[in-house]
Amino acid sequence: MAELIPIDSALERALELLRGGEVIALPTETVYGLAGDATSGTGVARIFEAKGRPRFNPLIAHVSDWAMAERIGDFDLLSRKLAEAFWPGPLTIVVPLRVGSGIHPLVTAGLDTIALRMPKGFASTLIAALGHPIAAPSANSSGKISGTSADAVNRDLGAKIPLVVDGGQTPVGVESTIVKVENGRVRLLRPGGVAAEDIEAVAGAPVERGSGGRIEAPGMMTSHYAPAAAMRLNVDAVEPGEALLAFGPSRARGGARAVLNLSPTGDLREAAANLFSHLRQLDAVGAATIAVEPVPFHGLGEAINDRLARAAAPR
Ligand code: TXA
Ligand code: MG
């Protein structure tokens, strides 16, 4: 297992490891990240190794301030407006990569664009202290459920990394929303912690979905977030022996082997925050199938339904 240090006393050790080209797990407001110095070839290569991630799948570079973001990416007016509205926070913006950015080419997997995000809290403090951007995918083995607690991360990746910074449960619970501005329009590459409606309110126009057959976020392979159990979505009644991921007020849920409710009051923010930890816990009861009640598609429900569909996809 990795060393586990509480967030309040982890800064010096985290810095020392990153400067040495090591990777560490740390909390962000969305999910835990597997972090390395984005300008270090060793650091970035170790991220791909620890995660078992295909090298063609690019990483998000995390920055601590606007000046750092602008040294790396070339922001059009609309991208800048989105950054001003949602940073620091759970929004990732894909922009053209600047020449001389210092970002190691492994981060972008050879693309001429870069995914940038400005997180809050410990991650931001650490990036500022390091003075370099941090590359960080979600802290989970490739294809598995993203880690939203230090324990979950340590069980999944603890044998491969020296340190997990323990900041408790991450508040948002699903990964950042990824957008890219093209021809003056916002394309949604991945739904996430900022609702599409909120982006539309800032952009003053609908976001565009669907990629016309092109793979835009190369990591969004169909099967992802896969628990060991099979998944059955949008159920109205649980079959005997299934584990049940419920949503909303109480109703007849007899016969389930275990029941966890994403949000008894039907609050989509609470449901997003609970999604990955509830999936892990239900998976651990050993049922052959996890049945899932319907979750509405608006607000953070879009990201929740996206993750559930990927968790249920053929593997
Ligand atoms: O909330 C999050 O975004 C978390 C925390 C740790 O920041 N990170 C995260 O990273 O979810 P990851 O690697 O699991 O997902 C990043 C996604 C991948 O699907 C990747 O293909 C896509 O971003 N991506 C990265 N660079 C891209 C680019 N230049 N163009 C399009 N998609 C890109
Ligand atoms: Mg991920």
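A Cβ is built for glycine as well, from the same backbone N, Cα and C atoms used for every other residue.
Annotation for Ser176 (L-threonine binding site): spatial neighbours Thr30, Ile60, Pro90, Leu91, Thr92, Arg117, Arg190, Gly192, Gly193, Val194, criterion Cβ-Cβ under 8 Å with sequence separation of six or more. Summarising the annotation, TrEMBL assigns L-threonine binding site to Thr30, His62, Arg117, Ala136, Ser176.
Cβ contacts within 10 Å of Asn57 (ATP binding site), excluding its own Cβ and spanning all protein chains shown: 16. Look at TrEMBL and you will find Arg53, Asn57, Thr113, Ser138, Ser146, Arg190, Tyr225 tagged as ATP binding site.
The domain 'YrdC-like' annotation in TrEMBL covers 8-194.
Once Cβ contacts within 10 Å are tallied over all protein chains shown, the binding-site residues Arg53, Arg117, Arg190 are led by Arg117.
Within the group of binding-site residues (Thr30, Ser138, Ser146), the Cβ with the highest number of other Cβ atoms inside 10 Å belongs to Thr30. For the binding site of L-threonine, formed by Thr30, His62, Arg117, Ala136, Ser176 according to the record, the largest Cα to Cα distance is 13 Å, rounded to a whole number.
With respect to their backbone Cα atoms, Asn57 (ATP binding site) and Ala136 (L-threonine binding site) stand 12 Å from each other.
Between the alpha carbons (Cα) of Ala136 (L-threonine binding site) and Arg53 (ATP binding site) lies a span of roughly 12 Å. Taken in sequence order, the binding-site residues Arg53, Ser146, Tyr225 that lie near ligand 1, meaning a CB under 6 Å from one of its atoms, form an empty set.
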